[in-house]
């Protein structure tokens, strides 16, 4: 677990306020607040905060802070990355139900095209960071978990290497990935701030910083990134009901990113691929890592209308991929 140092608080506050109008600060869900360094700064700035903390070592002090305030802070025992687990029966903390969490916060669901109903802030744990980002993507495209309530805005500290992947451009076969395509289609991605790793303390016993090693990607900072779901995500043929199929199609396309799109279409038993690519104005010799995110969406929507293609083609693979992600 990484804990932001006190001097970083003002920078974070400035970033969270960016784009906000005048008046009272909105409700903010902060996950893994730890000892509450940033929490106190958020409260001093006028934010109403719901603190979602999984570590019982920090809960006592947070609860004490909660009792000293007049409803401005609500502390919940839970883990943001264990929301809505695929288990039966009653949930035991730190697992938590998003339905109960949103009920506690008093946040009601709004239509997808409405403004964001909630801001969320936190530092994504470095362990299994990529898996956590994938879970958020699945939930976004399926409008499940927190996204049943609308286009929830995420303000996350993530590693510089993952930010580089999220914002990569087509043509870079080592960096441009399925995660890139789906993130750029699913979110407005805004870099709010880059902070050196040295600005973060840790509660590891040896006191060291567990900075993940990386070979070819920069990773000298944690990046505060705003991820706002795209208002027009579900236009055309893409819908929450078929989003899992679209995600798997993109993931399968990047199994061999340098393969040609025509070869991939042939493997999907699509015989009229030349006609389809001409209609979409995509070159015949285009490789999978050369396609823009919008190309993948247009391709999926065209395949939806094709007599030669059916979602059932991917059914077993989609179920397996979704189960692993959850």
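Glycine is treated like the rest: Cβ placed from N, Cα and C.
What TrEMBL says about a protein is an automatic prediction, not a curated fact.
Feature annotation from TrEMBL assigns S-adenosyl-L-methionine binding site to 3, 53, 79.
TrEMBL lists 12-205 with the feature domain 'Ribosomal RNA adenine methylase transferase N-terminal'. Per-residue pLDDT, averaged along the domain 'Ribosomal RNA adenine methylase transferase N-terminal' (12-205), amounts to 92 for this model.
Within the same chain, residues at least six positions away from residue 53 (S-adenosyl-L-methionine binding site) with a Cβ under 8 Å of its Cβ are 31, 32, 33, 34, 59, 62, 75, 76, 77, 78. Spread of the S-adenosyl-L-methionine binding residues is 16 Å (greatest Cα-Cα distance among 3, 53, 79). Around residue 79 (S-adenosyl-L-methionine binding site), taking its Cβ as the centre, 18 other Cβ atoms fall within 10 Å, counting all chains.
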